[in-house]
Amino acid sequence: MSALKTREQWGSKLGFILAAMGSAVGLGNIWRFSYVAGESGGAAFLLIYIACIIAIGIPILMAEFSIGRRAQSDVVGSFETIAPGKPWVLAGFLGVASAFIILSFYGVIAGWSLHYFLQYFTGGPAAGEAGGYGDYFVNFISSPIQPLFWQFLFMALTIAIVYGGIKKGIEMWNKILMPALAILVIGLAIYSLTLGGAGEAMSFLFSPDWSAFSDPAVYLAALGQAFFSLSLGMGALITYGSYLSKKETLPSAAVSVASLDTLFAIIAGIMIFPVVFAFGISPDSGPGLVFIALPEIFAEMNGGLIFGFLFFFLLSAAAITSGVSLLEVAVAYFMRRFEWSRKKAAVIIGTIIFLIGIPSSLGNGVLNNVRIGGLEILDAADFLASNIFLPLGGLMIALFVGWGWKKTDALRESDFGDTTIGHLWVFVLRFIAPVMIMLVFLNAIGIF
Ligand code: TRP
């Protein structure tokens, strides 16, 4: 039945770009970027990260948009449509699996953000006895029920938007919330630079410790972060591209999305690291970093409660627009494959993902002895999805467009046409991106 109805589409090109930006900009830029950069040595990580965005990220972003718009289907259906009976469809299934895993822990962190939002609404979190906000954070995340409640709320909001459909749900919210978040992050970054940790923060972020370049783990972390932050490698952008009509132009959209996303991360770094140094927080504090550092700024500022409230509101909103893109990947697949309605798929899949996320949440408290490969449950899920599945998915997507398509088709479907940059793009997808991803992998497991 659903196959006979016309597929939904974006209302405008701007709506599509904003939704892709909404998918890209999220907890990844603020929460994940700052803690991964903090753990991986700062400036060296940042340089490698930017290299990954340019050399691998943008070309694969273009590949995803082109596949989606050409196939007009979900991530599995896209590969089946373009290359029926070929093994490429495995990339599609890997994508759906990644959506489940990523959203399961993403919901946990987004729930933390919602909790802080409410805290600022009602007077702000209480600093611990020693004066820092670390204790507050640890107490909160280790309690069994509270974080689950917030994670549940986040998932309910995400489900509600996906339930509402492409135009009225996803597109509308992105148009309103994204610009507001940008303004606030810039304002906070400027304030943060006055706090006294600015010098140290700048050299941490921008003057590399050269020894970090010889650490294979830094390359893997930067590659994983590039994929995560651009929402790449699992078909979120194939799915979004599939709601485009044939007449839009893709390359400018891809470059705008990637630039904005990178800018957001850098500004978020400029906002967070001065606080980290000014208050003697260790940059490698892990996933709690922003939740411990940011309350320090808000406690210092005049009107900090209002800024805290606005900040966590907008961070939660950015998380929702990203969460929506993750849920949409799975929902689009189940709608087509099992002929479910959008509403049914959103509720069922969203609920399952919430349930899968429970262990990630409890891993900070009652399950805190559980380690998977030496990592806590949430961190292990993140590592597996972001550092393994996404680059692997991206590798397959690059090879698919580079080798699985005729070059003339690829050039046409991407809107590059027969241009130098178009040929360069195909060359990158055929050789550069796959080789770089393989090298990072082999290097990380110690083979190379
Ligand atoms: N990019 C988002 C962020 O930075 C997270 C995200 C949304 C994502 N959709 C995705 C990550 C698809 C990987 C794949 O917060």
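Here, residue 1 is simply the first one shown, and the rest follow in order.
Glycine too: its Cβ is placed from the backbone N, Cα and C atoms.
According to TrEMBL, the features are:
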{"type": "TRANSMEM", "residues": "12-31", "note": "transmembrane segment"}
{"type": "TRANSMEM", "residues": "43-67", "note": "transmembrane segment"}
{"type": "TRANSMEM", "residues": "88-109", "note": "transmembrane segment"}
{"type": "TRANSMEM", "residues": "148-166", "note": "transmembrane segment"}
{"type": "TRANSMEM", "residues": "178-198", "note": "transmembrane segment"}
{"type": "TRANSMEM", "residues": "218-241", "note": "transmembrane segment"}
{"type": "TRANSMEM", "residues": "253-281", "note": "transmembrane segment"}
{"type": "TRANSMEM", "residues": "305-333", "note": "transmembrane segment"}
{"type": "TRANSMEM", "residues": "345-363", "note": "transmembrane segment"}
{"type": "TRANSMEM", "residues": "383-403", "note": "transmembrane segment"}
{"type": "TRANSMEM", "residues": "424-447", "note": "transmembrane segment"}
Item to check | Recorded stretches the transmembrane segment (218-241) and the transmembrane segment (12-31) touching, at least 3 CB pairs under 8 Å | outcome: yes
Item to check | Criterion met for the transmembrane segment (383-403) and the transmembrane segment (148-166) (at least three Cβ pairs under 8 Å) | outcome: no
Next on the checklist: If I count Cβ-Cβ pairs under 8 A between the transmembrane segment (88-109) and each of 178-198, 345-363, 424-447, which range comes out on top?
Outcome noted: 345-363
Next on the checklist: Using a cut-off of under 8 Å between C-beta atoms, tell me which stretch among 148-166, 305-333, 424-447 contacts the transmembrane segment (12-31) the most.
Outcome noted: 305-333
Checklist outcome for this item: Same-chain residues at least 6 beyond the ends of the transmembrane segment (345-363) with a Cβ under 8 Å from one of its Cβ atoms are 100-101, 103-105, 107-108, 111, 141, 144, 147-148, 151-152, 155-156, 158-159, 162-163, 327, 330-331, 334-335, 338, 370, 376-378, 381
Checklist entry - By Cβ distance under 8 Å, which residues at least 6 away from the ends of the transmembrane segment (424-447) in the same chain are close to it? => result 52, 55-56, 59-60, 62-63, 216-217, 219-220, 223, 387, 391-392, 394-395, 398-399, 401-403, 407, 410-411, 414, 416
Checklist entry - Cβ under 8 Å to the transmembrane segment (148-166), counting only same-chain residues 6 or more beyond its ends: which ones? => result 8-10, 103, 107-108, 110-112, 114-115, 173, 243, 316, 319-320, 323-324, 327-328, 331, 342-343, 346-347, 350-351, 353-354, 357-358, 361-362
Item to check | For the transmembrane segment (305-333), distant same-chain residues with Cβ under 8 A (at least six beyond the ends) | outcome: 19, 22-31, 74-77, 92, 95-96, 99-100, 102-103, 106-107, 109-110, 113-114, 116-117, 119-121, 123-124, 154-155, 157-159, 161-162, 169-170, 173-174, 177-178, 180-181, 184, 188, 231, 234-236, 239-240, 242, 294-295, 297-298, 342, 345-346, 349-350, 353
